[in-house]
Amino acid sequence: KWTVFIMNSEDVVSTRLYFVNASLQRVTFSSSVGVSLPCPAGGAPHAVLRWYLATGDDIYDVPHIRHVHANGTLQLYPFSPSAFNSYIHDNDYFCTAENQAGKIRSPSIRIKAVFREPYTVRVADQRSMRGNVAVFKCLIPSAVQEYVSVVSWEKDTVSMVPGNRFFLTSFGALYISEVQKEDALSTYRCITKHKYSGETRQSNGARLSVMDPTESTPSVLDSFQSGEVQVGHNVELPCIASGYPNPTIRWLKDGRPLPADSRWTRRLTGLTVSDLRLGDSGNYICEVTNSFGSKEVTGHLNVIEPLRVTLSPKNLKTGISSTVILSCSVQGSPHFTLSWYRNTEPVLPDQHFSIQGAHNETLFISAAQKRHSGAYQCFATRKGQTAQDFSIILLEDGTPRIVSSFSERVVVPGEPFSLMCAAKGAPPPTITWTLDDEAVARDPSRVRASQYTLSDGSTVSHVNVSSPEIRDGGVYRCAARNSAGSAEYQARINVRGSPRIRDMRNITAVAGRNTFINCRVIGYPYYSIKWYKEGLLLPDNHRQVVYENGTLKLSDVQKVLDEGAYLCSVLIQPQIFISQTVYVQVKVPPLIQPFDFPPTSIGKLMYIACVVSSGDMPIHITWRKDGQEVAPSSGVNIETKEYMSSLQIGKVSLKHNGNYTCIASNDAATVSSERQLTVTVPPQFVVQPNNQDGIYGKAGVLNCSVDGYPPPKVMWKHAKGTGNPQQYHPVPLTGRIQIMGNGSLLIRHVLEEDRGYYLCQASNGVGSDISKSMVLTVKIPAMITSHPNTTMAIKGQIKELNCTARGEWPIIIRWERGDTVIDPDRNPRYAITTSPNEKSDEVLSTLKLKPAERGDSVFFSCHAINSYGEGRGLIQLTVQEPPDPPELEVREVKDRSMNLRWTQRFDGNSIITSYDIEYKNKTDPWELKHATRKISPTNNQANIVDLHPAQVYSIRMFSYNKIGHSQASKELTISTEEAQPDGPPMEVFLQPMTSQSIRVTWKAPRKELQNGVIRGYQIGYRENGPGSNGQYSIVEMKATGDSEVYTLDNLKKFAQYGVVVQAFNRAGTGPSSSEINATTLEDVPSQPPQTVRAISVTSDEAVITWAEPPRLTLHGVLKGYRVVFWSLFPDGEWGEMQNITTTHEQVELRGLEKFTNYSVQVLAYTQAGDGVRSNVLYIQTREDHPGPPAGIKAVPSSTSSVVVSWLPPHKPNGIIRKYTIYCSSPGSGQPAPSEYEANPELLFYRVTHLNRGQQYLIWAAAVTTAGRGNISDKVTVEPAGKAPAKILSFGGTVTTPWMKEVRLPCSSVGEPTPTIKWTKDSEDTAIPVTLDGQRLIMANGTLVLRLVKAEDSGYYTCTATNTLGFDTIIVNLLVQVPPDQPRLTVSTTSPTSITLAWIPGDNGGSSIRGFVLQYSVDNMEGWRDVFISSSERSFKLDNLRCGTWYKVKLAAKNSVGAGRISEIIEAKTHGREPQFNKEQPVFTHVNSTHARLNLQGWASGGCPITAVLLEFRPKGNWAWQNVRTNATADVFLAELREATWYELKMKACNSAGCGNQSSQFATLDYDGSTIPPIKSARPEGDDVKKLFSIGCPVILVTLVVALLFIIRKKRKEKRLKRLRDKATIPVTDTEFSQNVNPQSFCTGVSVHHPALIQNTGPLIDMSDIRPGTNPVSRKSVKSAHSTRNRYSSQWTLTKCQSSTPARTLTSDWRTVGSQHGITVTESDSYSASLSQDTDKGRNSMVSTESASSTYEELARAYEHAKLEEHLQHAKFEITECFISDSSSDQMTTGTNDNGDSMTSMSTPSETGLCRFTASPPKPQEYDRGRPTNVAVPIPHRGATGGPSGGSSTTSLSQRTLTMPGSSSSSAQSAAAAAAASASGGATGGDSRDPLLESSSSGLGRLERQKQAAGGAYSKSYTLV
């Protein structure tokens, strides 16, 4: 029974060993290539790697043969056959790895070199019956069968692909099933490949003889044999037979049918078993049977498991002297053998090692020692298969150590206590307990001890005392002991009670050692423990130490000084001691005087004495030699006396050499002294060196055997050369050269450089050195040093083969062809010449072939032979020639292609590089051949394309190899059938247009490759990026010409796309162009930065951090980040928006307003611009000291008090907690001012108890939680009984939203009490505030304004008055209103999106918070809302329906609310309804009962077709049959009548609308013939009826349209009459007396809505005008107020006179009204926009809804302007119109030609946009003599700028202009213009219009424009 003391399985050390490829057990390589083999083992840290032979011999380097690299790689270099050395090139090797952990070895690796051998492979001819099976086998010579395998088979030089009737087995056989007659027409070859050299061989061509079937018994053609296969592999058991009738095959396993298992597969080739299992082992029988007999094949299959070894424990660290058990577990097939290794050395059983178990699977190491540490390996071997595992064992010093212990303590009797002691060691220690040096008495009822071992190897012991008594006190000691040593720990346990001392035993001490004496005191408490000796208190010298617990230590005990009685005295109470004595006896150990052996030699005398100089008697002295007792027969005499023992040797010899030990012992100790006796012998030769020969490449031993003592050291020296030795050098000892144990020199591999003189020298320090020289002669065996491995020859040319040999002379050279020796005498075509070179010991032999023939393609070998060996050089000669022509045949002919097949018979011993096929028109000479195609040599057939239909071609073929080309094959004549595009589109170019679109342009394929009319193109595009599926998306478009363009929309942003284009015609689709890549433009990031955080650092600083947006949402290269932030004021207003740009993900905001709320957003930006902002993050800066109060007033309120008022600080920087009022009297002598605290809600304070007539300084300061702020200005005040009126309130600016109640405070003091008066400034005049229901002055003077409006804005003055004086304050009231409507336009459109842009209107006095965008599908009620940030000026509506009109409107929003909604505009996404291609056939197939429709003829119009509705009926029927489908399905009209005409209506719909197509078709007759068209059989009156039925609706519609036109014209004439009645006010201008250029000025008429509202209604919708929406502009306090004018309309028709005059129509939206004589104009072209460019006009489309009203307004202005005589003959011409889907087709042009109104212009029939030009008539078109006087409004000067600046009302000044040629002035022709001007002036405002400005500067500007335009000043206008 074995006991394991410790087994701690933990990580041994940080070092480790491992195997990289432990399964590597065989390496075979080609001698011409060599091999590099890394060491399969390794270690960390770096391990030393070494290679050994399996015999254990070290590997040595052989130059150019074998080398071991520093990294442990073994390299065997390429070598010639003559350099083969089985010791090197065919041997077992293993590699070791060694570091601190140990040393491991790999399994043995068989390394074998394979030579390049000449061999041929053959295939035998076979016979088979038709319908049977034929088997071809590749016959490979047995010498190379292990390395050569079949890689393919050829049939007529074409590589065969398994399938159909041809099968290739895993063994390389070719099976042909169902043999046919045509199989006999082909030849069959096998292709083999050498596994290591890579050489391929082609067998001869074998043929198959096919016979007619005859009755016969089965014959087995291929069968299996017994074998062994590993688990998990697949195996094929061939079994195939022939016979007639065809035999059946049945498989049996162990005499039973095969079990049903999917792993068993029966094939033609035999039985295949996949995923082998152990249970598949057994005897397999293949029974072949037909009606004439049977055969069977039997074989045994043995399935084995690979060996797997597991050694446990894997790593082990344990202590010395412990027992270690290693268990080796082997899995796999049985019958294996086990072997054990330690540090790569075999483990041999001895006193420590034993191997047990049935298979030697257990290794026991008992009493393990330090030297047993290392790596242990277990190897399992079975039939050349080896597996291993290893374990690292570390044995360390296991001396115990205390790892946990108890401490000194005091306990009360009866109180349980427990002591614990834990120790570690190897093996695990045993712990014992003592109390005051005596074993702890165990009392089961009171004292118990326990001990156990933890998993980490620690031993833990407890002593538990359940009911302590006084006697349980004392010094407890725990001692841990194991075989390696011991460790102790002690501490005192005090049990309360009367102290006393236990009986103390006498102590024996050993001199020179340390001794401890414990005072065995029990009981507690006591005061002290003291030791005395001979009355002296200890310690009294340095060797004595008394510890606190009373223990006395005596160091280096001395007998004279330390022996005696020692008294322990314990003080238990004051002046009360107890004591006890202990006697210490000191014993002295022996002391041996030093001795030594003198040098001696054989035959001399020797006498040595061992003397003990001190020690207690008795002393015993003994001698030992080399650890053993001295034998009496050894010739050594020993004499011993009382203190001495002598050793005598009469005649010294070599056997007396050794270590002698003198041992002395007494009761105290045992001591010893060891010395060595050495007997010397001078060196002498046992075998002397002699001259000898060595053979190159073989091993050699230079004998030199030497004897002597000490053993002599042998050193070999070498002197190169064969003459007299000049200088010897030490022989370098490598793995190749070693000194053997007897001194001989071993050269394992003799080289030429080893020749020369060798000197063997021996010495051992005794006498003189000896030496002897010798000569080594190296003999070189014959070897081939140079020859070509392969060489080529051209047939018919002379070829020379050279072979160089060297070696000892004489050398004989012999040439062989294959296995036949070449004799030039018998075959004169060969010639051999030999030329020796004695200086270089080389012979050059040349074999000449005169000339080379096809049969010389064999192996030639040259043999060199001398007395020491033979070398061979193998040369493969290949005679090359042009190939034979191929045998060409035609397999298939089509319209533009043909399929050819050929057979290549002989390739000329040169690989066929290509085949050329030439073809031409039959009538052309071969010089005009159409094409030459190079065909891959791996093919035996080709398709010839690019032929033209219905042509006759001549075709021939050539074979090419590197020698040349064959003769032309037999010429074939072929006629093609009747033809599809062959070329791709050309010049494909991609241009990224936007971030989601790419424009593709290309040109049609070359004409000669189109093969018909190109009908259209397919554009394939795909994303080339991570995550894309690589599939193309296809869009199709019709062809329009030679150059095409298409825009790909809705692509991913900033993504790379690959695009290909294909052309198609009726026959099909052509090849695609090469993929071209383009990247969509960068766009802004679509997601904001993530995890945005804001931290307020100080009162004016904050830190913003964030993370990068997801990469996929950047849509470009991230340029940086922008942090947008703005302040939020308490009144709801927003501060100025600021931004900071950074490239980091953190920014510090500095200089912020203190204690202010901020909104923060972060966005990422790319080259394209800013991305999406993050959600608004709110942050508030911290509080700080407030600023000074914004103002302070102090007024007397009585003779002893004053009232102080103040304004809050402009920057409170926090919450005002209180105000501190300071009052100081400069003349009172008080140094410190008085302080008063005021409530922060009250902004005034009454200071009392002041002295009348004394002046006081008053100031104030605000206080926040951060502290007191800066003080205000100081004011002086003097209390008084009567005081002038003073206002405590402050003036300033008050901002409020409209429709709110506003209180303007005006608190006053004074005696007598003041009166309060409020006024409002108006044109520099103060007007008292009218008090009504909306305005109220409270008793305290506060002015209350209810439901304030914009007109309530202004300056309000409060005046307080009494008899002693007055005081005033001015308050500027600003009323905020909702923002103005934005100007909304369409930017771009796509099939699924509309991009909008806008310009915001006035913000109404409050910053814009955002925009609300509403959109809906046209003609639908529901609106969808989109909320947009205030900083955005454009927005893209995505995911819209293709080809659909949308209505869009926009409104801005500020703190007051939402503003006016913009004009509703309409825009349409790209796309239109489907259309059927008229060039496409409606039907693809029609028979007697079915018809298949061609739905591919529908063009989608850019929007996907969602449905196709079909209706059909026989002609003459009323009922329609309906079919609904989609555009991708094939639709068949079934169950039709034979020979019947049908009507068909098709409707294809998409989101843009529906398209229609009608057709007629006729089914075929029952016999497949067509039927004639239907002849008309209608009566003669049918045509009249049909004409009447069609004409009536047309006439009716025409009448309705005419009636509507007349009604509309009458309404406009009435409206025109009202305009005449109300707008003809004559106006003159006296100021037009200045000189004006008669050739350049403009006249015009302005029509304002105040002049039209009464009778004609407003020109725009006035219902949205809200009261008070013209707020005062924010100017400086002193500036005049101006009105925002938004809500009226004016149309102006301006005439510019020049050399080529023209008219200009402009639109201007404005509000007419004025304040302070100023009119503010805001011009917005909403309904008509200037455009000189058609595309720009198209892009500025507005909605038809707004355009129609605009058109009418423009018409009204035009009608009014036509009252002027000079415009009655003007012409308005429509120049261009465009339909709404942005088509470029011009629709119509027209001219009104003196029409009555603009409505008479020719207008398009569809909604669209038009451009028209107003042109004046020529001079002859009207009366030149009629005077033309036009009144033109000029700018009015403001109240302070003109002559009437002082009046509150201003009359309209008038001016009269005289046109050239006029003789008088008349105002009639300017009535309308004057009326417009007068209406502008009626309100007292300045109707200054920059568009109508006629000052000299304005005329000059128009003149300059005229000159720049080349004389004509005209513009075009665009209307939708």
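Glycine is treated like the rest: Cβ placed from N, Cα and C.
Broken down with DSSP, the domain 'Ig-like' (107-209) shows 5 helix, 49 strand, 49 coil. The domain 'Ig-like' annotation in TrEMBL covers 107-209 (among others).
Per TrEMBL, the feature domain 'Ig-like' maps to 218-298 (among others).
On the 0 to 100 pLDDT scale, the domain 'Ig-like' (306-391) averages 89 in the predicted structure. Among the features that TrEMBL reports, domain 'Ig-like' is placed at 306-391 (among others).
The domain 'Ig-like' annotation in TrEMBL covers 400-494 (among others).
As annotated by TrEMBL, domain 'Ig-like' applies to 499-579 (among others). Taking H, G and I as helix, E and B as strand and the rest as coil, DSSP gives the domain 'Ig-like' (499-579) the counts 4 helix, 42 strand, 35 coil.
Annotation comment: TrEMBL describes 589-678 (among others) as domain 'Ig-like'. Across the domain 'Ig-like' (589-678), DSSP assigns 6 helix, 48 strand, 36 coil.
Under the heading domain 'Ig-like', TrEMBL lists 683-777 (among others). Across the domain 'Ig-like' (683-777), DSSP classifies residues as 3 helix, 48 strand, 44 coil.
Taken from TrEMBL, the feature domain 'Ig-like' covers 781-880 (among others).
What TrEMBL records for 882-979 (among others) is domain 'Fibronectin type-III'.
Residues or ranges marked as domain 'Fibronectin type-III' by TrEMBL: 984-1083 (among others).
Residue counts for the domain 'Fibronectin type-III' (1088-1184) by DSSP state, with H, G and I taken as helix and E and B as strand, are 3 helix, 50 strand, 44 coil. The domain 'Fibronectin type-III' annotation in TrEMBL covers 1088-1184 (among others).
Among the features that TrEMBL reports, domain 'Fibronectin type-III' is placed at 1188-1283 (among others).
Annotated domain 'Ig-like' per TrEMBL: 1284-1362 (among others), in sequence order.
Feature annotation from TrEMBL assigns domain 'Fibronectin type-III' to 1378-1472 (among others).
TrEMBL lists 1477-1573 (among others) with the feature domain 'Fibronectin type-III'.
The feature transmembrane segment is assigned by TrEMBL to 1587-1607.
A contact between the domain 'Fibronectin type-III' (1477-1573) and the domain 'Ig-like' (400-494) is absent, since fewer than 3 of their C-beta pairs, 6 or more residues apart, lie under 8 Å. Of the Cβ pairs linking the domain 'Ig-like' (400-494) with the domain 'Ig-like' (306-391) and spaced 6 or more residues apart, 3 or more are under 8 Å, so the two regions touch. Pairs of Cβ atoms less than 8 Å apart link the domain 'Ig-like' (107-209) most often to 882-979, out of 499-579, 781-880, 882-979, 984-1083.
Of the two recorded stretches, the domain 'Fibronectin type-III' (984-1083) does not lie close to the domain 'Ig-like' (499-579), with fewer than three CB pairs under 8 Å once pairs fewer than 6 apart in sequence are set aside.
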